[in-house]
Structure formats: structure tokens, C-alpha cells
Amino acid sequence: MSTPARRPAPARRGGRGRSSRRPAPAGPDARGTELELEVGPIAHGGHCVARHEGRVVFVRHALPGERVLARVTEGAEGASFWRADAVRVLSADPDRVDPACPVAGPGLCGGCDFQHVAPARQRALKAAVVTEQFRRLAGLDVAVEVEEAPVADADGEGLRWRTRTQFAVDAEGRAGLRAHRSHQVVPLTDCPISTRAVTGSGVLGARFGNVATLEVAAGSDGAAPLVVVDPLPGTHAHVPKLSDASVAVRTPEGLHRVSGRTWVGERVTVRVGDTEREHAFRVGGAGFWQVHPAAPRLLGEAVLAALEPRAGEHALDLYSGVGLFTALLADAVGTEGTVLAVEGEERAVRDARRSLHEHPRVELWAGAVEEALGDDELTARRTDLVVLDPPRSGAGRVVVEAIAALAPRAVAYVACDPAALARDTASLAEHGYRLDGLRAFDLFPMTHHVECVARFVR
Ligand SMILES: C[S@@+](CC[C@H](N)C(=O)[O-])C[C@H]1O[C@@H](n2cnc3c(N)ncnc32)[C@H](O)[C@@H]1O
């Protein structure tokens, strides 16, 4: 493996934040207004669409076809749309269930969107959203089934899957999650979608001082979880003793170790044909790793199935993180093939270097994908296969054009936002690549998020 760390540092990291689009205040505040609504179809973002006197109302905590009493949470009299919460259900859909979480519901924790929906129906709603985004943004009719991702020791379907959870800390030093589209922190004693390793780390119920947020990451190697603490700007964090976790504090200079390790160990077993192969990865600090324990295997196998790599081929892994797909592709193309991985976070590239040292034909570039794709050394190479797994905003037109110019035999696109994927699908089509397969996975149960893997061919 060669590792020329010569690319300029990248611009950005994958954000999965919420939209800042708010209806412009256009008259008297409508918050608190109660409306009786017939709820319409699901929309992207965890809400359904309803209409009231010609105005669109995005309603949370409802299901299509229900009749609800909804309370407006955002909007003014003259605004084009309002947001509202269903506070009373007047006629319930048969797929409505009691939330497994005591703080799920209007005005409470904003971490989940679909606690009130049976898991199979959640998947159907997500499939409808994927179909709608492709129709609207790519002009394509796609039929997709959202595949379940079972978790071995869950308390119930859709629970205890999140191996990485970022908590906010309130003014009294208690960890919790924010209410929907709000800065208000709802303190928690449990989070039923987080794994027991995360909730057992000791952060819930503890008191922190000068802490803004903290992230708990529990690896699959069985070691104690890592708690990465972000102090309030200009302060020193006070972290209580957490006996069942490693602790690190993020500082402008990097991660400061308080106790235990500053990284998380992950193991992934992937089936290729009749054989299973285990890979080990190191993920530093609160670096990127899929949050669902089944995700690395499901996505890894889906990428291999989409690309059908052959011995001796040359592959490109864009937005490669700590090298999950790089490792799988390196195995598949063998000693005659090559894999070039491009990742923006220097720390992730260092982690990949440690995990992939046994692969002599892997090259790791640290830098922005946009810039790497313009590099003469890269464009002069033969590229048979491309996998890309960009942040939530998608790859964008410039990156898509540069990928198409490399003329790969197949492209696998891993996407956490179906809207960004649909937009990039339209750009790929303009450059001669057609969608030749689409799978979707329920890797974020109880939330509106869905992960897709698309295959494109020339
Ligand atoms: C969704 S993660 C995928 C990581 C990896 N494929 C995996 O499955 O673990 C996206 C990655 O892209 C990186 N990234 C974001 N923007 C980038 C850019 N413009 N250039 C290079 N890397 C970028 C992030 O640091 C992050 O590691």
C-alpha cells in the first residue's frame, strides 16, 4: 500500500444536520393554532403533507389517511406552509402503535420520527419517499423495497441498533437529545434506539460541566465504548468518572485522552460467494462509521454485488472514510488489480493506513474528492469501477462529471439522502450513465432516514 499524503486538506465533513429552511414570518404568528386535518401522503423529512385552507401543512406524528387534531409549531399567517404536530388522533391508521420510547411524541425528544408507526409500515413509508424523490428529481419511476436490517439482541424490532449517538448537554449538565427543530435539550435516562453499550456508558444520568455535546461510540470489537466530549467554547470540560467507557476531550489541537483508548475497533464479516472474510478497522475519535451494526456488512455486500469486481480490475473508492469498501474491493481485485481511495479527513486516512497495511495494491489519498478527480495522475489511470459514498449533500455535478469522464465500467453510489442521490442520478444520466439497480436499507429505524445503494452502467 502506498500513501502519498500530498493532497490538500479537504473542505468539509459529512454533515447529517437538519434543514434550516423556515417559513418566512409573513404576518401574525400562527404557532399554537389548532387545526383538524385529513393527513395526506408522506414527504421527505419525517412528516406527512396536509392542506388547510389552501396552505400546505407538514404534520409530524401522523400517518397518511389519518384524521388528526394538529397544533402549529412553526408558521405565520401569510406564510406558504406551516409545520404542525398531531396532538390528538381522531381516526387512527391500523399501523399506528404505542411508542417504545417514553419521550417520543409532540414537543418531546426530536431524535425519532416514526416511533408511532409499526416497523414494516416505516419501511413502506421510506420506500414511498425514495420513489417520490426519484420521480421528482430524476424523472424516473423506480420501485424499491426497503430491506430490514435485523439486530441480534434488540428489545424489539427497530430498537437498540444505534452504535453511535451524539447527545447534547443541557444547562444543568445532563445529557439528552434536542427537541425537533429546537435548541431545547430533553434530558434522557435511556435511549431505546441506542445499543446497551451506548446507554450503559454512564453518560445518561451523569452531570457534566462546561460540555456542549458528547458522542458515544461502541465498536463491534467488544471493548468499552468511547465517549468524545466537546467542551463549551473557551472552557475546560468537567467530565465525571465513567467506569464503563474510554473518555477523550476534543480540543483545537486534537483529541485529548482522559482514560482508555481514543479510537474504536470494528470487525466486519462479509460473504463473497461461498466464503466469508473478516476485516478489522480502527476508527479514531468520533470519526465516521456506519451507526447500524448490520450496515457495514449489508452495504459492503451490496457494493460488491453492484460492481461485480473482477481480478485485475482498477477501482476507485471516493469518500472512503477508514477504508471499509477499499478493503473489500482490494480483496476482490486481487494482487493484479488496484484500489485508489480518496478521503478528506486526515485522521480517517491514517486509520485506514493502519487497517489496510496488508494490501500492497491499495493507495490512500488524503484530500478533497473534487480536487483528486482533477489530478492528472488519477485521470491518466485506467478506472474500471467507482464506489462513492458522499456526505448527505451528495456528490454534486462537478464530481459526477469527473467520474463519468473516467469511463468506469460500473459505478456504485451509496447514499444516505435519496434526494441527493436522485439529483446525482439525473446528472449521471446526462453523462451517459443509467441507473441499473437500486436497493434501499432500513439502517435508521424509527427515524425517517434511509440508506440506498444504486448501480450505474454506461
Ligand atoms: C458517508 S461517509 C463514508 C465513509 C466510508 N465510505 C464508510 O462507509 O465508512 C463520507 C466520508 O466522506 C468524507 N468527506 C466529506 N466530504 C469530502 C470531500 N469533499 N472530499 C473527500 N472526503 C470527503 C467524510 O470525511 C466521510 O469520511
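Positions of Cβ are set from backbone N, Cα and C atoms, glycine also.
Site annotation (TrEMBL, ligand S-adenosyl-L-methionine) includes Q290, Y319, D389; from E343, E345, E346, E363, the additional listed residue is E343. Residues Q290, Y319, E343, D389 are recorded as binding S-adenosyl-L-methionine; their most distant pair of Cα atoms lies 15 Å apart.
Around D389 (S-adenosyl-L-methionine binding site), the same-chain residues at least 6 positions away in sequence with a Cβ under 8 Å from its Cβ are L318, Y319, S320, G321, F325, Y413, V414, A415. According to its DSSP assignment, Y319 (S-adenosyl-L-methionine binding site) is coil. Within 10 Å of the Cβ of Y319 (S-adenosyl-L-methionine binding site) there are 23 other Cβ atoms, across all protein chains. Counting other Cβ atoms within 10 Å of each Cβ, the recorded positions Q290, E343, C416 show the lowest value at C416.
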